[in-house]
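A.B. asks: Heads up, here are the entries from TrEMBL:
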DOMAIN    5-277  domain 'Homogentisate 1,2-dioxygenase N-terminal'
DOMAIN    278-430  domain 'Homogentisate 1,2-dioxygenase C-terminal'
ACT_SITE  HIS290  active site, proton acceptor
BINDING   HIS333, GLU339, HIS369  Fe cation binding site
BINDING   TYR348, HIS369  homogentisate binding site
Amino acid sequence: MEELKYLCGFGSEFTSEDPRCPGSLPEGQNNPQRCPYGLYAEQLSGTAFTAPRHENKRSWLYRIRPSAIHKPFQRLDMAKYLTHNWDEQEPDPNQSRWLPFDIPTGRPVDFVAGLHTVCGAGDARSRHGLAIHVFLCNTSMDKSAFYSSDGDFLIVPQQGVLTITTEFGVMKVAPNEIAVIQLGMRFAVAVDGPTRGYILEVFDGHFKLPDLGPIGANGLANPRDFLTPVARYLDEEVPGFKIVNKYQGALFVAEQNHSPFDVVAWHGNYVPYKYDLSKFMVINAVLYDHCDPSIFTVLTCPSTKPGVAIADFVIFPPRWSVQEHTFRPPYYHRNCMSEFMGLILGAYEAKEGGFLPGGASLHSMMTPHGPDDKCFQGASNGELVPQKIAVNTQAFMFESSLSLAITKWGAETCQKLDPKYYECWQNLPKLFSDNINV
């Protein structure tokens with residue numbers, strides 16, 4: 001495969017046409033009476049027509065056939081552990097930790113069949129809420145494409161490289177990179193072997209860069225580092241090509257006789273994109289105290305309440321720790337938000353034991369959590385010298401203002417929930433003393 005090319009920028013107005021068809025983008029208008037090369041003009045709207053201009057998201061696609069050419073959708077029982085049923089299990093406020101989720105062996109499982117919902121809240125029908133999934137697969141999608149009518153997919157590969165073909169072009173996404181495929185965008189995932197990762201699906205709106213406030217004009221995830229694929233069309237007759245639609249938490253399939261990746265040119269600001277987490281510009285305390293983790297926010301899906309997110313995507317990247325007279329690891333915490341964490345690679349500083357790459361944890365709303373005994377003892381007594389931490393490590397957090405419910409698969413079926421997780425705090429000693437200078 002030839003080297004993939006990308007356009008850079010976040011939320012930008014892009015234009016792209018396949019070089020095999022120069023001049024395929026209409027000039028001066030969106031839907032001329034006759035499009036160049038006999039193409040069809042199709043608008044993909046990511047917001048209401050009347051959304052404020054600074055929030056309005058849409059793209060125009062110039063394609064060989066319109067998307068409407070397909071047979072009726074039928075219910076598909078393909079990913080039986082994909083669900084929006086948050087009432088399968090009784091509520092459980094305990095700290096939860098999953099050992100690495102198993103990648104299937106012995107039978108082919110593609111990206112869609114390998115979708116498993118771990119937890120979530122809300123309702124896609126009312127466009128409010130989120131779902132957290134993992135994908136566990138070992139083979140590429142074949143003669144099929146997938147899209148969600150429920151929400152945006154933020155995809156975090158943990159093992160294996162994803163080659164994602166979209167209507168806009170092709171992206172290659174490796175561990176320590178993320179991809180965002182927005183509502184309604186059709187895509188197919190190719191893999192090279194055993195593959196695992198995490199997905200944050202938001203129902204409310206779209207991801208945006210967090211406001212920087214007094215940080216200034218630059219920092220955190222810089223817009224120029226987000227990459228969008230360039231137009232690259234396939235003109236293929238494919239009898240029985242399957243279009244899989246996630247709609248109101250269920251899967252439906254429609255057949256058509258051609259590839260949906262037949263977009264010759266496109267323009268707009270509603271696009272898929274990828275981001276390399278190693279490019280994140282880290283902000284940290286340089287004198288004392290441990291900063292709140294919000295300083296590590298890559299993307300946010302805001303709620304209607306100022307400063308409150310439906311979901312934040314937060315990372316804990318390699319960085320220098322230099323604070324004086326400070327307990328440097330994450331502090332003990334009870335939070336009005338839900339915190340779902342995953343580990344892409346390495347060892348997370350606050351729990352270097354049972355929190356493993358490919359696993360996860362959930363600290364529910366107001367459930368206490370923090371460093372384990374080993375971390376506490378080491379950080380309380382260690383020499384406070386400048387130290388680079390999280391080297392060769394990348395942990396992340398999906399943080400939400402919603403109270404998340406664990407699915408039956410997440411609680412029972414996957415058999416990865418660690419019943420002894422609570423024990424990591426049981427040996428924390430009582431240190432209280434009458435002597436102020438302990």
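Using the three backbone atoms N, Cα and C, a Cβ is placed for every residue, glycine included.
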A.B. asks: Just jot down the residues in the same chain as TYR348 (homogentisate binding site), at least 6 apart in sequence, with C-beta under 8 A of its C-beta; none if empty.
C.D. replies: PHE316, MET341, PHE355, ALA390, THR393, ALA395
A.B. asks: Cα-Cα, whole number of Å: HIS333 (Fe cation binding site) versus the residue listed as 'active site, proton acceptor'?
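C.D. replies: Between the Cα atoms of HIS333 (Fe cation binding site) and the residue listed as 'active site, proton acceptor', the distance comes to 12 Å.
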A.B. asks: Looking only at Cβ atoms, how many others are within 10 Å of the one on GLU339 (Fe cation binding site)?
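C.D. replies: Cβ-Cβ neighbours of GLU339 (Fe cation binding site) within 10 Å number 21.
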A.B. asks: With every protein chain in view, how many other Cβ atoms are within 10 Å of the Cβ of HIS369 (Fe cation binding site)?
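C.D. replies: By my count, 22.
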A.B. asks: Any idea what the Cα distance is from the residue listed as 'active site, proton acceptor' over to HIS369 (Fe cation binding site), rounded to a whole Å?
C.D. replies: 16
A.B. asks: Counting across all protein chains shown, how many other Cβ atoms sit within 10 Å of the Cβ of HIS333 (Fe cation binding site)?
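C.D. replies: HIS333 (Fe cation binding site): 14 neighbouring Cβ atoms within 10 Å.
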A.B. asks: If you take the centroid of the Cβ atoms of HIS333, GLU339, HIS369, the listed Fe cation site, which other residues of that chain have their Cβ within 8 Å of it?
C.D. replies: PRO330, ARG334, ASN335, HIS363, THR367, PRO368, GLY370
